Amino acid sequence: MVTSSSALLIETDAASHQAWTITANGRGLKGRLQVPGDKSISHRSLMLGALASGETRIKGLLLGEDPRSTAACFQAMGAKISDLEAEWITVQGLGVGNLQEPNIVLDAGNSGTTLRLMLGLLASQPDRFFTVTGDDSLRSRPMARVITPLTTMGAQIWGRNNNQLAPLAIQGQTLSPIHYQSPIASAQVKSCILLAGLSVDGDTTVTEPSLSRDHSERMLSAFGANLTVDRDACRVTLHGPSQLQGQTVIVPGDISSAAYWMVAAAIVPGSDLVIENVGVNPTRTGILEALQRMEADITLENEREVTGEPVADIRVRTSQLKACTLGGDLIPRLIDEVPILAVAALFADGTTRIEDAAELRVKESDRIAATASQLNQLGASVSELSDGLEIQGGTTLTGANVDSFTDHRIAMSLAIAALRAAGSTTIHQAEAAAVSYPPFAKTLEEFAL
Ligand code: S3P
């Protein structure tokens, strides 16, 4: 099938793979746009809704493939979730500890957040047995990071490769308290353990080397869990056992999705764009700080708080970017934005280095290798570091054939790079964008082509 316009051609093959051919016309991005709901908050609203007593109402849920995987898993365990397409979604929860043993294999699809957070819950449902799997990418991603601490708490989990890879089998148990010193700053690891701690009699504590996103802590508190958070020590304690009470959650726009348009407006001359209603939780705003350090013209407007999360409109105007070095504690606060930051760095004066980001090698693809190889296909000069990237600014990009490696963030980052490439760029397996941003191509066409 072919969907065509002057500047965006979408071809779909028999296996439903899409190739997007983008022919840039240099048009600046202008006006106001909105991005879909935050993926991390969407997952958590469905999960906590399923665990709570009573009804949870959710507005603005991301209708991407990842939250759909979460919804399907919890429906299979007895949660009643209303029509996902409706303006307000309701979840009738089961109560902590009351997930039902499903008679199917739970399928987390492409979603690491679904699988890792859910594992903490499955492991802590005594007398029930669960099996979980995911797509090719998820079945190759490391699960020991959550299985190891859960096992210390008394969990029984089996999997491939010496209990490290999905598919996994879980025999639920009554778990014991833990103080886990996580070797990595990972919200998925932290949240998995805290969710397991809901059923534990005693304190479950996680300390991380630097602060990862704190949506779980915020939402667990809002649902009535008893938490102590010490931000300076990067430590959180859940005082269990805990029941949860259904709440209303209004999901803000996803700053990780907004990042594509921030960078597009920064690098395409003549842009002046406002991205409305974006979540600006300080554990997620590393992208704003990085772009501001690169001298991007970014301002926050209309700052407010919506159901426990800070929200703002983000205005970006084109400016000449400057290279910088990014690393340390900033990285967990922008981990999903590194591919699109690399695109920004292509148009900065000087050489940008991104360090301390080895985690990128175990995301939906090896994002260090994918970003470097695919931007270089377009004529960029990007080198892989073991834990990051070195990007030469000021090279001229020329359209070419590139591939998403079925990674949504690679597909969308390449589409933004194509806006500054001469001629046409074809992105293969671009349908991956639907994992976190189903209407991305439509917005691209409307605002940038
Ligand atoms: C997420 C945490 C991050 C992030 C992922 C979503 C979450 O992963 O990359 O897209 O919702 O908790 P890690 O916790 O593995 O860093």
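The first residue you see is number 1, and the count goes up from there.
For all residues, glycine too, the Cβ spot is worked out from N, Cα and C.
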Residue in Lys80, Lys363, Lys442 which TrEMBL records at the 3-phosphoshikimate site where Lys39, Ser40, Arg44, Ser186, Gln188, Asp336 also bind: Lys363
Among Arg141, Asp336, Arg367, Arg409, which are recorded as recorded positions, the nearest neighbour of Ser186 (3-phosphoshikimate binding site) by Cα: Asp336
Contacting binding-site residues for ligand 1, chosen from Arg44, Arg141, Ser186, Arg367, Arg409 when the Cβ sits under 6 angstroms of any of its atoms: Ser186
Close recorded positions near Gln188 (3-phosphoshikimate binding site), where close means Cα within 10 Å, chosen from Gly112, Arg141, Asp336, Arg367, Arg409: Gly112
Rounded distance in angstrom between the Cα atoms of Lys363 (3-phosphoshikimate binding site) and Arg141 (phosphoenolpyruvate binding site): 7
Close recorded positions near Arg409 (phosphoenolpyruvate binding site), where close means Cα within 10 Å, chosen from Lys39, Ser40, Asp336: Asp336
Other CB atoms, at most 10 A from the CB of Ser186 (3-phosphoshikimate binding site): 22
Residues near Gly112 (phosphoenolpyruvate binding site) in space but at least six apart in sequence (CB under 8 A): Leu138, Arg141, Gln188, Lys363, Glu364
